[in-house]
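The block underneath contains the structure these notes are about, expressed in structure tokens.
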Amino acid sequence: MCSRPEPPEPLRRVAVVGGTHGNEMSGVCLARYWLRAPGELQRPSFSAVPVLANPAATAACRRYVDCDLNRAFTSAFLTARAHPDDPYEVTRARELNQLLGPKASGQAFDFVLDLHNTTASMGTCLVAESSHDVFAMHLCHHLQLQSPELPCRVFLYQLPGEESYSVHSVAKSGLGLELGPQPQGVLRADLLARMRALVAAALDFIQLFNQGPGGRDGLRHQASHTGTAFPAFEMEAYRKVSSVDFPRTETGDLAGTVHPQLQDRDFEPLRPGAPIFQMFGGKDVLYEGESTVYPVFINEAAYYEKGIAFFQTEKLTFSVPALPGLAPAPSPAP
């Protein structure tokens, strides 16, 4: 399934973005800290740039001011003529596109890591557009290997034929970190530490890739005797299929809530006939699909306004091809 070619050159332009949503506090606080003290993001072959994506929303501790910034990186928004009445986040998306892109251009940043929290019980989730980005899949695999005792699942959000719209889509490659559960506007020490460790591990992987075959063996646990720096592997991921709204009244008000047997069971199998909602009158609403799905972002607070109670995903396993190491730089002439 992976088809996007691997990076032919070292990754030099890397950004770590926090505050895309202004009330997801792990990324907000880390971005603010790194803007003051960026040394933690430096590696021998590159220095990642910290970015506070949505300053107005973070100042107000709101998800957004006018519209969702993480849905604003489409060609329709990025290429339209600017107007004074444009939503704040559309204007900000264009600014970020100039800073980190332009999208789909050779001048774009090599990699963007975007930091998020969720109110859903997603644990540690790695969010990618699709399985086609070989480098991102290898990075996901690397992060999973760092803490094998902790679930670290991969969520593929892009539907077939759908244009990418997230902040990390402006770069040549990118990944979102989604950690939860954490209430909006609240900072949990355990999730802050986990996110910080994941960012460090991601930057270490980029450094490892940039080093080429002559890099330090201490980080090269994936190396094989064949000389391939990053061998092929089988990846398990959850691919978005559709969204499911809450039961509603004729006027659009909520008529029920997520069923207790579904609540907090993100990434677990949902089989036909299982309860998914509990009506306020007490009746259970059952899942009527024909096949098993895996719900994610169950009861996410930010998705009420979008008419989403949860996403249905399919669980799949696919082969990720080897990622060859970079050729070592030639030695200087004597």
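Cβ coordinates are placed from backbone N, Cα and C, and glycine is handled just like the others.
What TrEMBL says about a protein is an automatic prediction, not a curated fact.
Among the features that TrEMBL reports, domain 'Succinylglutamate desuccinylase/Aspartoacylase catalytic' is placed at 11-206. The Zn(2+) binding site annotation in TrEMBL covers His21, Glu24, His116. Annotation source TrEMBL lists active site, proton donor/acceptor at Glu178. Annotation source TrEMBL lists domain 'AstE/AspA barrel-sandwich hybrid' at 234-315.
Of all the recorded positions listed (Glu24, Glu178), Glu178 has the fewest other CB atoms within 10 A of its CB. Residues within less than 8 Å, Cβ to Cβ, of His116 (Zn(2+) binding site) and separated from it by at least 6 positions along the same chain comprise Thr20, His21, Glu24, Gly27, Val127, Gly176, Leu177, Glu178, Leu179.
Residues Gly19, Thr20, Asn23, Gly27, Val28, Arg63, Asn70, Leu115, Asn117, Thr118 surround the recorded Zn(2+) site, their Cβ atoms falling within 8 Å of the Cβ centroid of His21, Glu24, His116, which are themselves excluded. Counting residues of the domain 'AstE/AspA barrel-sandwich hybrid' (234-315) by DSSP class, helix then strand then coil, yields 3 helix, 35 strand, 44 coil.
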